[in-house]
Amino acid sequence: MSVHKIAITLYHLYPTRGLEFLAAGIILLFYDHALTFESEVRLVWKAPLSIAKVAFLMARYITPIISILAFAVPLHSSFDLQTSYNIHIALTKASMFVASMTSDLLLIIRVYAIWGRSIKVLLPLCLLLVATCSMIFAGAAQYHAIEVTGNKNPFCYKEQKAFKVQILGLLLAPILDIVIFALTMAKAIPHYRKKLIRTPVLTTFYRDGLTYYLVFPALDVLQVVGCWVQNPIYTNVSMYLKRTLNVVFITRMFLNLRSVHTQRDWSAATAMVFRPAHRQAPDEEHPPSSDDHDHRLDVLDIRAPGVQRARG
């Protein structure tokens, strides 16, 4: 493909400063990956297989790979402009879907852990995640079907069913974040009263989590506004920025939390003393209960379910 044709294709794909946002996002992803790769090898690659590990690796690798393909594949010389545009939209939506789904799944696992691995917490969150992803996927699929037909309407199609489905999915995303935030704060308050938030692991969890909850609902709202007022600049900013920050924020939180990986380190980091069940003795601060055992440690075990603690 000639330089002139590449320039025309890029202008067709990114008419509203989308190219700058895409390039900045990909550069940030690779820069962050380079900074944290050593920690990833040590804390993730060598860990047992789990849902959290799979979600982490999907966010870490599939998102940037699809992002690069969304940029490079449409430049193939055999594609006309409309075909290039259709491929670009499909791959971009796919990368956004993977980034959002895996990030929310990792957040749900974290909340599930601090709630003592309660099914009553896990099940509603998973159902809400499935509903959100289904609406986003359905809206994107219908929207893409309209694009494939060569429809030249504006960026959003208010007269189409796809628009309603897309808006519903975009509204469910911040609702899911708000629910997760509320559940997190419901545990943060008792942890604060027990003076546990000052410990490194919980400080990391609540600090990173709070940042996530403040940033991403705002980006979701910006995307809804951009779609509603048919301003693709707003949508491009929120779309590319959210995809990148989803991966960066959630993978860094995951690595920070996994850095405490032995009983001794975990007990020190949480200001707790781990005692085997047969050695636990009642005291005034922690009276015995039917489910005491090392439950206090398990409730704060925000690593992936199924990861065995190393012997300290």
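Any Cβ shown, glycine's included, is placed from N, Cα and C.
If you check TrEMBL, you get these features:
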TRANSMEM  12-31  transmembrane segment
DOMAIN    22-65  domain 'DUF6533'
TRANSMEM  51-73  transmembrane segment
TRANSMEM  94-115  transmembrane segment
TRANSMEM  121-146  transmembrane segment
TRANSMEM  167-190  transmembrane segment
REGION    278-298  region 'Disordered'
COMPBIAS  280-298  compositional bias 'Basic and acidic residues'
Task: Helix, strand and coil counts within the domain 'DUF6533' (22-65) (DSSP) - done: 39 helix, 0 strand, 5 coil
TODO: Go through the chain and flag residues at least 6 beyond the ends of the transmembrane segment (167-190) whose CB is under 8 A from any CB in it; none is fine as an answer.
DONE: 100, 104, 107-108, 111, 114-115, 121, 124-125, 128-129, 131-132, 134-139, 197, 206, 209, 212-213, 216-217, 220-221, 223-224, 227-228
Task: Mean of pLDDT values spanning the domain 'DUF6533' (22-65) - done: 87
